[in-house]
Amino acid sequence: MGGIIKLSFLFCSLISLVNSENTGKLPTAISDHSVPKATATTDPSVFVLSNDFEITDVPTTREYTFNLTEALASPDGYERLVYAVNNMLPGPVIEANTGDTVIVHVNNYLHEGQGIHWHGLRQNGTALMDGVPGITQCSIPPGGSFTYQFTVSHQSGTFWWHSHYSNSMADGIWGPLIVHSPNEPLQRGRDYDEDRIVAVTDWMHDESETIVEALISSEGYRGRPFPPQGDAILINGRGQTNCTATGSPSCTYPPPPEIHVPVNCRVRLRFISAASHPMYRISIDNHSMEIVETDGTAVYGPTIHEISISSGERYSVIINTTEGKEGDAFWLRTSVALDCMAQGVTQVGLAVVRYTGNGSITTAEPRTEAWTDLARPDTPCVGLDEMYHLSPRELVNASQTALESRVLDSKLGKFVDVYGNSFEGYGFNNVTYQNQINDPLLYVVQRGGTCNSSLIANATFADIGPVNIIINNLDSHIGHPYHMHGTEFQLMGRGTGALTLDDLPNTNLTLDNPTRKDTIWMQGGSWALLRIISDNPGVWALHCHIGWHLAKGKMAVVVVQPEAIKKIQWPESWMDLCANTDPNAFGPARRSVS
């Protein structure tokens with residue numbers, strides 16, 4: 001066993017924590033909106049993955065401390081209250097090797113509960129660490145703490161972590177999570193020379209609480225019932241807003257973020273969409289991009305000028321920095337795909353890709369032009385896995401048959417909450433999710449119970465083997481990115497309309513090495529058949545990753561091996577989160593209506 005690597009990013013203005021991960025209580029008061037806040041910062045160097053990181057198959061323990069606090073920040077030039085992690089926006093990068101144990105001590109100084117999800121990691125044997133309040137745990141209370149511990153097994157690639165409580169991810173609680181392996185198909189030094197993270201997200205000038213409460217009200221947000229377009233686009237935590245539109249005299253126009261890459265190299269760019277709403281289209285002037293990874297699966301993909309990426313997805317591309325000399329600069333363009341927005345305006349976020357060498361860093365802005373074949377604003381929103389065949393580099397064929405198949409019909413509609421209030425929301429199988437946040441479904445099943453089908457749609461698979469999940473997006477004009485917790489899936493087939501169980505025997509499926517992902521963009525009025533192996537006991541969330549849709553109930557669960565779940569041993573620290581809480585209470589709006 002390798003040595004313990006402690007990487008504690010401590011917020012300097014907080015007093016020392018004394019056994020907080022054991023007591024569940026913090027010695028410092030939770031955030032008070034009336035108290036002046038520290039200023040959260042963005043460190044561009046964290047998005048540069050160092051060649052000094054040792055990629056090895058010798059497992060070790062990587063330990064982090066996350067302090068969640070309120071702070072002030074103006075990542076796009078407009079100052080607002082944010083949720084920072086260790087006074088960073090976005091939060092720290094977690095970097096590990098396959099086989100490593102990751103320990104994260106989360107100290108919650110906020111005025112609301114929290115839970116941290118490790119997006120894309122399977123959590124083999126550690127379902128209770130998946131980080132979803134009301135599904136796999138009770139919330140980390142204000143002034144409380146909790147330690148997540150899990151081993152990264154049989155996975156490598158690009159992942160990320162984020163809050164799964166309400167839509168506070170949109171306030172800043174997220175960060176990249178990169179897993180290396182000496183056995184992964186893409187090798188540093190052979191397939192690429194340098195490694196960079198490019199994380200994109202929409203950014204609102206209002207806090208997520210304000211937006212969610214408005215969306216579930218009759219008035220809507222900014223007079224509309226539909227999720228908003230961002231006020232700005234952030235690239236690696238920085239962007240540029242329209243200061244004139246804000247009406248704020250203190251608004252500034254910051255320089256665009258920069259991504260420095262050595263000249264004459266092969267550079268891997270790991271794109272992560274942490275957006276709460278839009279699909280983005282990303283291009284780099286003068287540079288073609290070879291797609292080599294999606295959602296932690298190394299693939300053979302096309303070389304293209306522009307990628308599309310929806311919330312929760314990750315794509316790695318390789319570019320060759322041979323289009324100029326040291327000091328040259330090129331625009332990286334991130335545009336909102338307007339065809340899948342209810343309403344919207346043309347919005348482009350810019351970053352500078354700058355060639356570096358042995359000399360000093362230049363500062364001139366690029367004068368490059370966009371590719372002439374980029375998508376138009378009204379081009380239909382189509383995922384890359386639908387436009388191209390992304391063939392996994394590690395061959396895994398699918399069986400002709402499955403043990404069982406379940407259907408989840410996804411649709412916007414009128415619903416009534418547990419308090420008798422009527423609202424327009426989203427659901428699966430005519431059920432909108434309402435979250436009994438202090439009685440997690442994983443614990444319900446462990447006690448021998450079942451999921452309440454009037455509160456959440458669910459699919460249960462009792463036995464180990466290949467099983468099918470059919471998602472029918474019945475919203476004819478609304479696309480959704482669906483994310484599966486606890487496993488990746490093989491994309492067996494997709495098409496227009498809806499697929500029923502009666503149709504399945506006559507449906508052509510992809511059996512030869514299907515694309516493997518954990519997040520899939522589905523156009524309105526379409527179906528997709530996802531194949532999983534039901535070998536990881538747990539209650540796993542399956543939901544739309546548009547945070548504002550999730551706020552209005554677009555969540556289901558997949559229950560895998562309920563008999564095995566009954567054998568889970570609950571650590572005392574996990575049980576303490578639920579102590580002295582009302583098990584009949586309903587949770588925040590991202591999971592229900594209140």
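Positions of Cβ are set from backbone N, Cα and C atoms, glycine also.
Keep in mind that this is a model prediction, so the values were computed, not measured.
Listed in Swiss-Prot for this protein:
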type     : residues         : note
BINDING  : H164, H485, H543 : Cu cation 3 binding site
BINDING  : H480, C544, H549 : Cu cation 4 binding site
DISULFID : C138-C578        : disulfide bond
CARBOHYD : N67              : N-linked glycosylation site
CARBOHYD : N124             : N-linked glycosylation site
CARBOHYD : N242             : N-linked glycosylation site
CARBOHYD : N286             : N-linked glycosylation site
CARBOHYD : N320             : N-linked glycosylation site
CARBOHYD : N358             : N-linked glycosylation site
CARBOHYD : N397             : N-linked glycosylation site
CARBOHYD : N430             : N-linked glycosylation site
CARBOHYD : N452             : N-linked glycosylation site
CARBOHYD : N458             : N-linked glycosylation site
CARBOHYD : N508             : N-linked glycosylation site
SIGNAL   : 1-20             : signal peptide
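Sequence features annotated in Swiss-Prot and their locations in the structure.
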{"residue": "N124", "record": "N-linked glycosylation site", "Cβ contacts under 8 Å, 6 or more apart": "T151, S153, H154, N536"}
{"residue": "H164", "record": "Cu cation 3 binding site", "Cβ contacts under 8 Å, 6 or more apart": "G115, I116, H117, G131, V132, P133"}
{"residue": "N286", "record": "N-linked glycosylation site", "Cβ contacts under 8 Å, 6 or more apart": "E323, G324, F330, T368"}
{"residue": "N320", "record": "N-linked glycosylation site", "Cβ contacts under 8 Å, 6 or more apart": "C265, R266, V267, H287"}
{"residue": "N458", "record": "N-linked glycosylation site", "Cβ contacts under 8 Å, 6 or more apart": "C451, A556, V557, V558, V559"}
{"residue": "H485", "record": "Cu cation 3 binding site", "Cβ contacts under 8 Å, 6 or more apart": "H117, Q123, D130, V132, D518, W540, A541, L542"}
{"residue": "N508", "record": "N-linked glycosylation site", "Cβ contacts under 8 Å, 6 or more apart": "G493"}
{"residue": "C544", "record": "Cu cation 4 binding site", "Cβ contacts under 8 Å, 6 or more apart": "S410, Y426, H480, P481, Y482, H483, L550, K554, M555"}
{"residue": "H549", "record": "Cu cation 4 binding site", "Cβ contacts under 8 Å, 6 or more apart": "P227, Y426, H480"}
Practice item. Rank the glycosylation sites N67, N242, N358, N397, N452 by the number of other Cβ atoms within 10 Å of each Cβ and report the first-ranked residue. Key: N67
**Study point:** Residue from N242, N397, C578 whose C-alpha is spatially nearest that of N67 (N-linked glycosylation site), among the recorded positions
**Key:** C578
Check your understanding: Taking just the CA atoms, what is the gap between N452 (N-linked glycosylation site) and N242 (N-linked glycosylation site) in Å?
Key -> 46
Study note, to complete from the structure: Closest by Cα to H543 (Cu cation 3 binding site), out of the recorded positions N242, N358, N397, N430, C578, is N430
Revision key, fill the gap. Comparing local Cβ density (other Cβ atoms within 10 Å) for the disulfide-bonded residues C138, C578 points to C138
Review point. Given the recorded positions N430, H480, H543, which one's Cβ is surrounded by the fewest other Cβ atoms within 10 Å?
Key: N430
Practice item. Going by Cα-Cα distance, pick out whichever of the recorded positions C138, N358, N430, C578 is nearest to N242 (N-linked glycosylation site). Key: N358
Check your understanding: Nearest to N430 (N-linked glycosylation site) in three-dimensional space, by Cα, is which of the recorded positions C138, N358, N397, C578?
Key -> C138
Point to revise | C138 (disulfide bond) and N358 (N-linked glycosylation site), distance between Cα atoms, whole Å | key: 52
**Study point:** Cβ-based neighbourhood (8 Å from the centroid) of the Cu cation 3 site, residues H164, H485, H543 excluded
**Key:** H117, D130, V132, I135, H483, A541, L542, M555
Study note, to complete from the structure: Surrounding the recorded Cu cation 4 site, with Cβ no more than 8 Å from the Cβ centroid of H480, C544, H549 and those residues left out, we find S410, Y426, I478, P481, Y482, H543, H545, I546, L550, K554
Exercise for review: Provide the three-state secondary structure of N358 (N-linked glycosylation site) computed with DSSP.
Suggested key: coil
